[in-house]
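Below you'll find the structure, written out as C-alpha cells, and then a few comments.
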Amino acid sequence: LLSQFDPENTGYISTEKFRSLLQRHGSELDPHKLEVLLALADSNSEGRICYQDFVNLMSNKRSNSFRQAILQGNRRLCSKALLEETGLSLSQRLIRHVAYETLPREIDRKWYYDSYTCCPPPWFMITITIVAFFLYNGVVLDRFILQVTHPLYLKNALLYHPQLRAQAWRYLTYIFMHAGIEHLGLNVVLQLLVGVPLEMVHGAARISFVYVAGVVAGSLAVSVADMTAPVVGSSGGVYALVSAHLANIVMNWSGMKCQFKLLRMAVALICMSFEFGRAVWLRFHPSAYPPCPHPSFMAHLGGVMVGITLGVIILRNYEQRLQDQTLWWIFLSIYVIFVLFAIFWNIFAYSLLDLKLPPPP
C-alpha cells in the first residue's frame, strides 16, 4: 500500500499521507502496532516516514533510527503501563513477568510483550542443561553425578586437564562434568532461573554467545592463572550470564520494576558466593587422588569478567544491534586479545616455566 503513496520510489512518504493510510487500514492492525505507528508519525519532525521503518515494525524488527523515533514519541505509546493490563491469560502473565524481570524500559517491555511468540522457545539453555546433566552423566556413565572422589573423575574425555590441554575440545566440554551434587545443583538453579528468561528476551544467539564466551574464558583463565589444576563444571558460562544480568539491574536500578529485586539480587549473590567459596575450599583441600589437585575456581572469575564486559553490552538494550555499539567492539577486542594471549601462553609458557604438572589420567 505504501507504494501507492510513493510513486517515485524514494523510500519515504509524508506523515500526512501516512496518517491517511492508518485511518483507512488501522482497524486491520494489531492495537499495539497501531499505537506504535501513531507514535512514529507524531515523533517525526522531518514530515516524512521511512518505508523501512514501517517494514521493521510490521516484521517485529527495529532499527536504531526507528528506536529513536519511538523514544521521541513515547508519550502516546506509554500512556498505559503494561502492569495495568487486565484479563491476561497465564502465558501472557508469564511473558509480562519476564519482561519486567529483564527489561528496564516500559517501551521495551510493551514491545517484547506484543511481539513475543515463544517461537523458537528458549532451547539453548534447556538443551545445554539436558546434555550436560543427563545425557552424559546419566546415560553414558550410568550415574547422574560424578564426585571428585570417584575413580572415574579424571578418566574421561571431557574435563580440562593441564597435561591434555592440546585436546582443544576440553576447553569447552569440561562443562559436562561436575564436582559433586552441590556443584551441579547450584549451577542448574542459576542456569535455568536466570538463563531461560534472558534467552526468552534476548534470543538464543546472544545468550549462547555470552555463555560460550564465559566457558572459554573460564578454562583459559585457569590455564594462565592456575596452571596445574583441572577444571569441571559450567560455572564459567553460568557466572557470565548471572553477572551480566545483575550488572544490568544495578545500572538500570530505577527502571527495573521486578518485585523484590533487592531480595532476588541478594539470593543470587549468596548462591554465587556459596558456590564460589565451596570451589575455593575444594581447590586447597587435600586431593583424593594425589598428585592431581582438585578443580580450579578461576573459571568462576573468568565468567564474571565476561559477564560484566561483553555480557553487559549485549544485554544492555533489547533491540539495539551490536555493531552499532562502540563499547561492544572495545570489549570484544579485549576478549579476543585475551584469548590469543592465552593460546600463546598455553603453547610456550608451560615449557618455559618448567612446571611440574600432575600426571595425565
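Any Cβ shown, glycine's included, is placed from N, Cα and C.
Summarising the annotation, TrEMBL assigns active site, nucleophile to SER235. Sequence annotations record features per position, and here TrEMBL assigns active site to HIS300. The domain 'EF-hand' annotation in TrEMBL covers 1-28. The annotation transmembrane segment is assigned in TrEMBL to 123-146, 207-225, 231-250, 262-284, 296-315, 327-353.
Among residues of the same chain six or more beyond the transmembrane segment (207-225), those with a C-beta under 8 A of the stretch's C-beta atoms are 124-125, 128, 160, 162, 165, 170-172, 174-175, 195, 198-199, 231, 234-241, 244, 296, 298-303, 305-307, 310-311, 314-315, 335, 338-339, 341-343, 345-346, 349. Tertiary proximity for the transmembrane segment (231-250) is limited to same-chain residues at least six positions away from its ends with a CB under 8 Å from its CB atoms, namely 102, 104, 128, 132, 148, 159-160, 174-179, 183-184, 187, 190-191, 194-195, 198, 207, 210-219, 222, 256, 261, 265, 268-269, 272, 275-276, 279, 295-296, 298-300, 302-304, 306-308, 310-312, 314-316. When Cβ atoms from all protein chains are considered, those within 10 Å of HIS300 (active site) total 25, not counting its own.
Averaged over the domain 'EF-hand' (1-28), the predicted model has a pLDDT of 68.
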